Amino acid sequence: MSRESKLARFFRIFIPISYWLPRYNVKQNLINDVIGGLTIGFLNVPQGMAYASLAGVHPVNGLYTSLFPPLIYMLFGTSRHVAIGVFAVVSLMTGSCVVRILDEMQKAESPIEAVDIIKIIFGLLKANRLISLLSEQIIVGFTTGAAIHVFTAQLNKIVGVDLPRHEGFGKIYNMYRDLYISAIANKGCNFPTFSLSFGAIFILYMLKYKITPYFLKKLRIPVPYDLMCVVLGTYLSYRFDFHGKYNIKVIGKVPTGIPLPVVPNVTLVHRVLFDAAAIAIIVVVVTISMGKLIAKKQKYAIDTKQEFFAIGIMEICSSFFPCWPSSTALARTLVNENAGTKTQLSSIFSATVLVSVLLFIGPYMELLPTCLLSAIVIVALRGMFAQLRNLFVLWKLSKADWAIFTVTLLATVIYDVIPGLFIGTVFGMLVSILRLQKTQLEMFYACPLFYFNCEKFEKEIIESGVEFFKNSGPFRSSEEMQMIDKTDEESPALKKSLVLDMQGIPDIDVSGINSLLKVHSELFVHGIAFKLKNPNGNCIH
């Protein structure tokens, strides 16, 4: 292989934009990318500002977080539809860490420097090894518990009272106690703020989840209700002097311009290692799972290993700007897909919206009521609260999965977000150990007279095209990834069937069932039959 071809292969693998951009089809893709990019840009403005309070920083930092990371991901990422930006759970985890270490940052100019430290450690971590410890139920239980924290953190802004931030055991209890004392016992509730917040929540909920699904089914471009709420709220605040007459809090001065890169303060690296690891796990799991979901739906593939690299580079590079760790979100990514986006180039057009706000429109948003941003956050949590329905489904299908979900959820709610993730992970590992001491996945190829183990012997692929896997333990998502990865090592054209021998699998949980369905779907795309052999009674549902 020539040096030129090696160099081209390097750029194609590690900088994918160098491969797909020269082959970009302007006629087929440009209009769709423009529409999709502008749609996400209009969505990022209110969401970025709203989630800033969770991270403990100024709302303008939310605009920066929605601007810089997506542009970096565009260079290195392989998903065409993942919409990088702010994510409620990651914002909350970042804010919890910032509050804990802020007192130690004597040389820091602002909380965003603590965030920069988190992002640098995040980018250097081997997150692909960390996520192998988490099952689907741990992630779902954790994000559901975190949603309760996010909801609780918005209530004081909804009623217009100031509360101290709490961390550690009993955090939510302490927040509700302080809220009761300040808003009810001491009669500190600001009724105009509460009325404006309640009205915004009711109208946004009805428009998003009741009216739009029935009357605007054929509308291709989603309606930017959040942005409309921000614009209308700002106008009404200016017109009727909400801050002066009714003491409704507003976001205040919004800096204009694009910030220059600054080397982060890394003196407190040792204080955020655990927090960075927890945040890295959530970001990687959410981003890659969403990327795979949309990629299968749109019939293209993403490079999982490159995604790990892209996310790490994205977080390291964006740490030189006043951002907090970024991620994708289910709702935003689905909006990106439904808007017709075709490639990562849509990030350019999304960035134009944010740059316009930062350069020209920012000063006009200084009178935006902060309670409206909290209303936007609360309405956006609907999908995460819907995950509570999993409790009833899991109880019927797998008591072990139900226990993992419940323990992770309760630990997150009763203790705090990052300790809750740790407790759920440890409990999930204990459940896995009880299920089986050791799980081994072996790959076999068919031969007329015998089978040979491909892990122990180097032999040529048999022309029959039948591939055998044998698993000695419960089938989970980790085995699913191994099967797909090992199958992809050889050309799919050489294979006709893949057989999983289930004789050594004592039971299968909900995650295992979903994993089998994913393997079947992945192989079906390549025209490969997926068959099960010798399933026992516990594996038949």
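Placement of Cβ uses the backbone N, Cα and C atoms for every residue, glycine included.
Per TrEMBL, the features are:
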- 448-541: domain 'STAS' (DOMAIN)
- 82-102: transmembrane segment (TRANSMEM)
- 191-207: transmembrane segment (TRANSMEM)
- 272-295: transmembrane segment (TRANSMEM)
- 307-327: transmembrane segment (TRANSMEM)
- 347-365: transmembrane segment (TRANSMEM)
- 372-392: transmembrane segment (TRANSMEM)
- 404-434: transmembrane segment (TRANSMEM)
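Within its own chain, the transmembrane segment (347-365) has Cβ neighbours under 8 Å at 33-34, 36-38, 40-42, 44-45, 48-49, 60, 63, 66-67, 70-71, 73-74, 83-84, 230, 234, 251, 254-258, counting only residues six or more beyond its boundaries. Against the transmembrane segment (307-327), the recorded stretches 82-102, 191-207, 372-392, 404-434 differ in Cβ pairs under 8 Å, and the greatest number is found for 82-102. Simply put, out of 82-102, 191-207, 272-295, 404-434, 191-207 has the most Cβ pairs sitting under 8 Å from the transmembrane segment (372-392). With respect to Cβ pairs under 8 Å, the transmembrane segment (82-102) is most closely packed against 272-295, considering the stretches 191-207, 272-295, 404-434. Sequence-distant contacts of the transmembrane segment (191-207) (same chain, at least 6 residues past either end, Cβ-Cβ under 8 Å): 157-160, 223, 225-226, 229, 233, 242, 246-249, 369, 371-372, 374-376, 378-379, 382.
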